[in-house]
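Feature annotation from TrEMBL assigns DNA-binding region to 69-129. Positions annotated as compositional bias 'Acidic residues' by TrEMBL: 349-359. Feature annotation from TrEMBL assigns domain 'Homeobox' to 67-128. The feature domain 'TLC' is assigned by TrEMBL to 131-332. Per TrEMBL, the feature transmembrane segment maps to 39-56, 140-160, 210-229, 264-291, 303-324.
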Amino acid sequence: MFQTLYSYFWWERLWLPENLTWADLEDRDGRVYAKASDLYITLPLAFLFLVVRHLFETYVATPLAGLLNVKEKIRLKATPNAVLEKFYAATTKHPKQADVEMLSKKSGCTVRQVERWFRRRRNQDRPSLLKKFREASWRFTFYLIAFIAGIAVIVDKPWFYDLREVWKGYPIQSMLPSQYWYYMIELSFYWSLLFSIASDVKRKDFKEQIIHHVATIILISFSWFANYIRAGTLIMALHDSSDYLLESAKMFNYAGWRNTCNNIFIVFAAVFIITRLVILPFWIMHCTVVYPLDLYPAFFGYYFFNFMMVVLQSLHIFWAYLIIRMAQNEPPAFPLPPQVVEDERSDRDETDNSEEEEEAAAKNGPLSNGHPVLNNNHRKTD
């Protein structure tokens, strides 16, 4: 049964144009072609990335956070309460008013105390500022290096300047060593992101992030063993061109460097919109949808590849909407107001006036004239 499924999966008509077989892509005469078996190495490399990430965050990102004066916010812990903890873990972290009143009777706390307990308990589960900074530092480092490497791989190739060259001679296009390593490293990194997504900072677009990582892994893998390598390198470099800007903006935001963060965010927004909403759909996707039909009839692999491109493009539109929404929080001004750099995807700390007073009292110490010393600073944004 396994052999039958294997044969159906690798049927040439699924992945290659008609009149071509896998035998046409066997290494010969010094020409090397991409093989599906090459991708096995990406799984151990992904775990190696996780190890390197841990070392980087411990010995590079953490000292860097200290140099940039990344400060943690004081969080008041929820008082241990078995009744409330059981409801929090088993039912919901956001109880409705009726649930709050019910829990008030069961726990012997006032409604106000129950609301405060859930707010503090949710804040305890939220990632620390240092964790966010370390994660952003790691991604910034990888995306910057990957972008530079990607440009180095494709800048001297004819298809970088003329997209019709992407399909010249397809699929009999030999693989270059630089393309091999660019693919293996990129795919390994996205595997590592998928493996660590449960422990990473959880944002409001958590489901979209999973879809993005899975779609990217499938797209990179398919483009490899179907020999869409030229198009794949262009797509990966295009994606990396804006990602490192976003991560650097987050780093400066966590460090409190507002003006620097705002300026980087402006550049990021411009690059993201130009690359993801203009170049990708009107140049790259035009190249993958229109040009191949001049050479061969459409086949399953052609439809599959472009379907995954549409999935990615839909996510780009969603994230562009978030970026524009951030920029519309206040009337345009330069430098941008603090609200613009607030990450719409982040799970932010909750607070209210009474809690701010308590936190101020915990931070500032003694009371003044019998009243808590108020902290008038606004809460930090992600």
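Start at 1 and count along the chain as shown; that gives each residue its number.
Cβ atoms are placed via backbone N, Cα and C, with glycine included.
Curation plays no part in TrEMBL annotations; they are all automatic predictions.
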Tertiary contacts of the transmembrane segment (140-160), as residues 6+ beyond its ends and Cβ separation under 8 Å: 56, 166, 168, 178-179, 182, 185-186, 189, 230, 233-234, 236-237, 240-241, 243-244, 247-248, 251
DSSP-derived helix, strand and coil totals, residue by residue, for the DNA-binding region (69-129): 36 helix, 0 strand, 25 coil
Contact set, same chain, for the transmembrane segment (39-56): CB under 8 Å, 6 or more residues outside the stretch: 137-138, 141, 184-185, 187-189, 191-192, 195-196, 221, 224-225
